[in-house]
Amino acid sequence: MFVLVEMTDTVRIPPWQFERKLNESIAEELNKKLANKVVYNVGLCICLYDITKLEDSYIFPGDGASHTKVHFRYVVFHPFLDEILIGQIKSCSPDGVHVSIGFFDDIVIPPESLQQPAKFDEAEQVWVWEYETEEGAHDLYMDIGEEIRFRVVDETFVDTSPTGPSSAEPSTSNATEEVQKKEAPYTLVGSISEPGLGLLSWWTNS
């Protein structure tokens with residue numbers, strides 16, 4: 001679920017922080033810049049693990065701050081494909097079941113990846129597994145707040161960095177920008193279409 005990623009960055013330390021230890025100032029600046037941010041094709045940054053190398057610091061003309069090239073390792077949330085995770089159902093919609101694991105909410109389980117046969121209850125706004133028994137079908141509701149075990153089957157990164165003006169018409173450009181703003185930079189796609197996956201209560205209650 002969590003991996004160590006080697007990174008390199010140039011950190012700017014303002015002059016009023018020169019009285020502090022360089023490592024402490026750099027660690028604080030790196031966490032300000034990266035913590036809780038999604039790095040494209042890397043994952044969700046959590047916190048600094050350690051600094052592996054500091055290169056020479058430079059002060060450029062017109063800027064009293066120091067600039068130091070830093071090699072460091074960062075703790076990143078980036079589950080591998082087929083990893084099993086446990087989260088909570090945040091909401092349900094015709095697009096699938098939306099899951100949260102506390103610090104990360106952009107997880108969706110699409111309808112085709114649910115236990116089958118499944119249906120969406122419009123009145124309750126929840127998905128239902130129509131579990132077949134000898135006595136007939138038994139509806140198992142995927143209620144909001146329930147703990148759910150799922151397998152990571154896919155991931156999507158969206159480049160949300162600012163882009164320059166395009167040659168398209170203003171109305172088209174504005175519409176594109178609105179869509180980009182709504183898209184999550186990092187989304188996990190899950191599946192519960194196997195025995196043992198789904199709501200924990202399905203498999204723990206006798």
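The backbone N, Cα and C atoms fix where each Cβ goes, and this holds for glycine too.
Residues or ranges marked as compositional bias 'Polar residues' in TrEMBL: 159-177.
Summarising the annotation, TrEMBL assigns domain 'RNA polymerase Rpb7-like N-terminal' to 8-64.
Break the domain 'RNA polymerase III subunit Rpc25' (83-203) down by DSSP state and the numbers are 20 helix, 55 strand, 46 coil. Per TrEMBL, the feature domain 'RNA polymerase III subunit Rpc25' maps to 83-203.
As annotated by TrEMBL, region 'Disordered' applies to 159-180.
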Mean pLDDT for the domain 'RNA polymerase Rpb7-like N-terminal' (8-64), rounded to an integer?
91
